[in-house]
Amino acid sequence: MSRRYLFTSESVTEGHPDKICDQISDTILDALLTQDPSSRVAAEVVVNTGLVLITGEITTKANVNFVNLARKKIAEIGYTNADNGFSANSTSVLLALDEQSPDIAQGVNTAQETRQQDSDELFDKIGAGDQGIMFGFASNETPELMPLPISLAHRIARRLAAVRKTGELSYLRPDGKTQVTVVYEDGRPVGIDTILISTQHTATIGEITDEAAVQAKIKQDLWSAVVEPVFGDIDVKPNDQTRFLVNPTGKFVVGGPQGDSGLTGRKIIVDTYGGYSRHGGGAFSGKDPTKVDRSAAYAARYVAKNIVAAGLAEKVEIQLSYAIGVARPTSILVDTFGTGKVDEETLLELINQHFELRPAGIIHTFNLRNLPSERGGRFYQDVAAYGHFGRADLDLPWEQTDKAELLKQAANESLSAAIAQALT
């Protein structure tokens with residue numbers, strides 16, 4: 001008997017209060033790494049009505065104007081009208097910054113493997129910036145090897161922002177959320193159950209002043225200008241049974257930091273796989289690459305995506321764990337959920353042979369310290385909204401599948417060797 005079930009993921013627009021914070025944090029990171037690639041950064045941001053607080057720990061040789069960086073990013077997002085209770089020019093920006101703890105720095109600067117003279121390898125010189133667990137995931141249900149629900153939620157959120165910025169739907173405002181419920185049958189997406197969009201808007205639209213009429217206009221426009229274009233190249237499409245919900249409270253005029261406070265690192269499921277895979281709990285934004293919350297999560301995605309791209313599993317989840325001040329992972333776990341074409345022990349061997357998972361090695365593989373300067377001063381801020389994974393619109397090193405053929409060949413060789421041994 002086939003199993004039919006629903007799975008839901010959400011996304012938010014760049015104007016959501018939490019995402020404002022993520023983007024300011026990563027704008028600061030970009031600026032610091034551009035001037036000083038060795039900067040140690042843990043930049044946290046809080047926003048509320050008329051207020052931005054930048055706090056955290058930063059050790060750097062760079063000289064940047066944090067206040068100007070925050071205002072510029074807020075304006076880029078679209079908050080330029082003081083009447084909305086939050087705008088680039090009128091908001092107060094407060095700073096409360098310290099340097100990185102020397103107790104932490106000594107373990108990052110010189111890993112335990114080097115301090116105890118257990119290794120003289122280059123990649124053993126830098127220790128993990130903290131303990132923790134990180135997950136990476138990939139699935140073959142979309143071309144970008146991401147789960148369909150989060151992929152659709154991001155697409156709708158990005159399209160929602162696009163029609164606002166181009167003026168196609170000029171009454172929209174920056175804050176917004178999306179949610180998509182996908183119908184699955186035997187583990188494969190077969191339909192769209194529900195599409196939800198909550199979007200900030202003006203109180204009236206032209207001469208339309210009645211609240212119900214305003215919402216009817218928004219719903220009609222969002223279907224034609226946002227939803228239909230998103231599903232144009234998607235095989236699984238909404239039908240006449242699909243529920244389409246828009247601003248279910250009845251209106252969404254008060255939004256952004258005036259409606260809700262925001263905080264860096266509060267949208268970690270939106271940033272990753274939409275709940276389809278497990279999450280270790282660590283946020284990404286505002287953290288330099290020595291923080292394995294970020295860099296190791298990127299590495300785990302890279303491993304998972306290459307395994308699926310190689311055809312060795314239909315979906316796979318990778319767990320990594322680290323100890324603060326230690327270079328080598330304390331554990332690696334592979335789970336193919338029964339979809340593997342080779343056993344998980346073989347996949348673990350392939351990971352150990354072909355992927356570098358020490359922090360210094362991850363930084364080197366992805367060039368994480370130099371990407372901001374090489375890309376005109378902005379890199380991390382562009383992944384701070386609409387997801388860090390599956391981004392076909394961005395050239396992200398951890399999204400490359402350059403090891404897929406190598407893994408496929410190595411897996412075939414391992415299988416041939418196992419067969420030969422069994423026959424002797």
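Yeah, the Cβs are placed from backbone N, Cα and C, and that goes for glycine too.
Not measured: the values here are computed from a predicted model.
Of all Cβ atoms in the protein chains displayed, 16 besides its own lie within 10 Å of the Cβ of ASP260 (ATP binding site). When secondary structure is read from DSSP and collapsed to three states, ASP260 (ATP binding site) falls in the coil class. Taken from Swiss-Prot, the feature ATP binding site applies to HIS16, ASP175, GLY176, LYS177, LYS251, PHE252, ASP260, ARG266, LYS267, ALA283, LYS287.
Counting every protein chain shown, the number of other Cβ atoms lying within 10 Å of the Cβ of ASP18 (Mg(2+) binding site) is 22. What Swiss-Prot records for ASP18 is Mg(2+) binding site, and it gives sequence analysis as the kind of evidence.
Per Swiss-Prot, K(+) binding site is recorded for GLU44, and the stated evidence type is sequence analysis. In the three-state DSSP scheme, GLU44 (K(+) binding site) is classed as strand. For GLU44 (K(+) binding site), the same-chain residues that are 6 or more apart in sequence and have a Cβ closer than 8 Å to its Cβ are CYS21, SER25, ILE54, THR55, GLY56, LEU263, THR264, GLY265, GLY286.
The L-methionine binding site annotation in Swiss-Prot covers GLU57, GLN100, ASP260, LYS291.
Among the features that Swiss-Prot reports, region 'Flexible loop' is placed at 100-110, with the record citing sequence analysis. Sequence-remote contacts of a segment are chain residues at least 6 beyond its ends whose Cβ falls under 8 Å from one of its Cβ atoms, and for the region 'Flexible loop' (100-110) they are 40, 42, 57-59, 125-130, 290, 324-326.
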Note to self: For the region 'Flexible loop' (100-110), what's the mean pLDDT in this predicted model?
What the structure shows: 79
Item checked: Nearest of the binding-site residues (ASP18, GLU57, GLN100) to LYS251 (ATP binding site), judged by Cα-Cα distance -> ASP18
Item checked: Site diameter for ATP, Å, by largest Cα distance between HIS16, ASP175, GLY176, LYS177, LYS251, PHE252, ASP260, ARG266, LYS267, ALA283, LYS287 -> 36
Margin query: My understanding is the cutoff is Cβ-Cβ under 8 Å with a sequence separation of 6 or more in the same chain; which residues meet that for GLY176 (ATP binding site)?
Written below: VAL12, THR13, GLY15, HIS16, ALA157, LEU160, ALA161, ILE197, SER198, THR199, GLN200, GLY255
